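Inspection log for the structure reproduced underneath, given as structure tokens.
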Amino acid sequence: MEKWSLMTITVLLALTVRWAVSLGSYSGAGKPPMYGDYEAQRHWQEITYNLPIRQWYFNTSDNNLLYWGLDYPPLTAYHSFVCAYIAKLINPDWVALHTSRGYESQPHKLFMRATVFVADLLVYIPAVILYCFSLKETSAKKKASTCALCILLYPGLILIDHGHFQYPLSLGLALWAVLCLSHDWDLLGSVAFCLALNYKQMELYHSLPFFCYLLGKCFKKGLKGKGLVLLAKLAGTVLVSFAACWLPFGTDVEQIMQVLRRLFPIDRGLFEACMFSSPTHCPDKVANIWCSLSVLIKIKNVISPRTQLKLSFAVTFLSLLPACIKLTVQPSLRGFKFALVSCALSFFLFSFQVHEKSILLVSVPVCLIINEIPFMATWFLLVSTFSLLPLLLKDELLLPYAVTTPAFLAVCLASFSILEKTSAEDLQLKAFSLSLRGYVSWFKSFPRIVRSLFLLSLALMGALSVLSAALPPPQRLPDLFPVAVAVVSCLHFLLFLLYFNVVILWDSKNKGQKKIS
């Protein structure tokens with residue numbers, strides 16, 4: 001009873017924070033003609049309810065794809081239809097074809113916010129709770145609840161889901177997949193991840209670790225025996241899951257091709273979401289390598305779109321290759337979770353058409369290892385939230401950002417004493433440090449150096465946050481502060497990518513892992 005009492009308090013606190021954030025503004029509120037992501041979700045409900053399935057992804061007189069055309073996989077469309085069906089019962093005006101465009105009212109805002117709460121309560125929060133109870137390292141009741149509290153109070157996800165406006169379903173389903181794999185329920189885990197991928201195509205960020213981990217298990221079991229049987233079951237599970245999700249579109253090849261074109265619009269170019277396209281203005285600020293380099297080199301003007309795609313693919317592939325090879329050769333649950341972080345971060349930094357919100361695809365796997373490396377996980381989660389600052393300021397979410405971020409840091413400090421967890425062993429760098437000890441004399445001062453860098457990082461992020469919110473930028477450099485936030489965050493992420501790969505490649509013992517047989 002005690003463990004459930006602590007967890008109930010944790011969930012209630014997390015829900016209270018979400019409710020408080022949801023009282024504020026949302027993406028594009030009162031900003032015609034396109035409004036924002038809130039209107040995009042409402043518009044998809046309008047389209048899916050009023051039009052036949054064959055028209056959902058096609059440009060027609062009733063479905064102008066230039067106005068928030070549906071560009072996510074079928075499960076997102078089905079979810080929009082379910083929400084629209086309920087909305088129609090409450091107030092038909094909310095999803096009326098054409099006339100509901102840009103609809104804004106307090107009751108409708110309450111309804112939309114409620115749909116996110118329901119998604120959180122049904123999918124994301126239960127997965128977090130069960131995951132924390134399943135951790136062997138947190139067998140103590142108090143530890144499980146504090147771990148859950150830190151994950152559920154991660155400000156980046158709260159501010160985007162309940163402030164900006166987004167559903168946590170794909171991340172929640174991916175979490176369920178990790179939970180299933182941690183209990184060796186590989187087929188259920190495969191179904192859950194297929195559902196996540198068919199809700200948002202960005203779950204491709206996590207696809208290679210899932211593939212390599214399960215393939216590695218098949219190799220360990222032997223491809224002439226149990227391993228081959230498992231491989232066949234996994235392949236069949238994936239095929240059936242995809243077939244079920246795409247069934248309404250499967251009768252027409254052109255339907256499938258049109259959905260794929262909407263999901264992967266490669267003709268838009270490398271910088272569809274993040275290009276610093278002019279010296280005076282940049283629409284979105286993404287803390288990845290291409291946007292940061294574009295401050296100095298206008299890649300869009302130097303390299304053709306096709307070459308940009310090839311370059312992006314090559315760099316992304318090379319950056320995630322070491323972690324994937326290690327996971328395939330030595331599959332372990334611990335290695336799988338670290339590979340989820342490393343591969344997702346590689347995709348975010350180097351891949352094609354990255355949105356600033358995609359950092360959440362890295363942050364949620366980092367939450368899964370916060371009990372193992374609380375110092376580095378907390379640091380990363382703070383930087384990831386900071387990287388969203390330009391978007392949060394645009395959505396008038398400065399106050400929730402200013403409250404939830406320090407609160408999250410305080411909770412992590414109290415729960416894990418993170419400033420005392422900076423030794424090479426605490427950071428999972430013991431094997432690496434032993435290999436360097438004879439060459440690097442400063443490794444003895446490593447904990448003090450790391451703490452100093454952390455405090456310097458906090459000071460820099462705090463200063464840029466205050467400057468971004470309080471000072472008008474110079475007229476000649478209107479995007480000075482957003483660009484500074486993006487570049488500083490990108491530099492942090494590059495160092496984190498190096499760190500996570502070092503942990504993965506030097507981890508030969510995989511302590512505490514069940515032997516795959």
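Glycine is treated like the rest: Cβ placed from N, Cα and C.
Look at TrEMBL and you will find 1-22 tagged as signal peptide. Positions annotated as transmembrane segment by TrEMBL: 110-133, 145-167, 173-197, 227-249, 335-352, 359-386, 398-419, 453-471, 483-506.
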Criterion met for the transmembrane segment (335-352) and the transmembrane segment (145-167) (at least three Cβ pairs under 8 Å): no
Chain residues in Cβ proximity to the transmembrane segment (145-167) (below 8 Å; excluding those fewer than six residues from its ends, i.e. six or more beyond): 3, 6-7, 9-11, 13-14, 17-19, 21-22, 24-27, 36-38, 41, 79, 112-113, 115-117, 119-120, 125, 128-129, 132, 135, 138, 357, 359-360, 363-364, 367-368, 370-371, 378, 381, 384-385, 388, 391-392, 395, 397, 400-401, 404-405, 407-408, 411-412, 415-416
Cβ-Cβ under 8 Å with the transmembrane segment (398-419): same-chain residues at least 6 beyond its ends: 17, 20-21, 24, 146-147, 149-150, 153-155, 158-159, 163, 370-371, 374-375, 378, 381-382, 385-386, 389, 392, 451, 454, 458, 465, 469
Within-chain partners of the transmembrane segment (227-249) [C-beta distance under 8 Å, separation at least 6 from its ends]: 53, 73-75, 186-187, 190-191, 194-195, 198, 214-215, 217-221, 255-256, 259
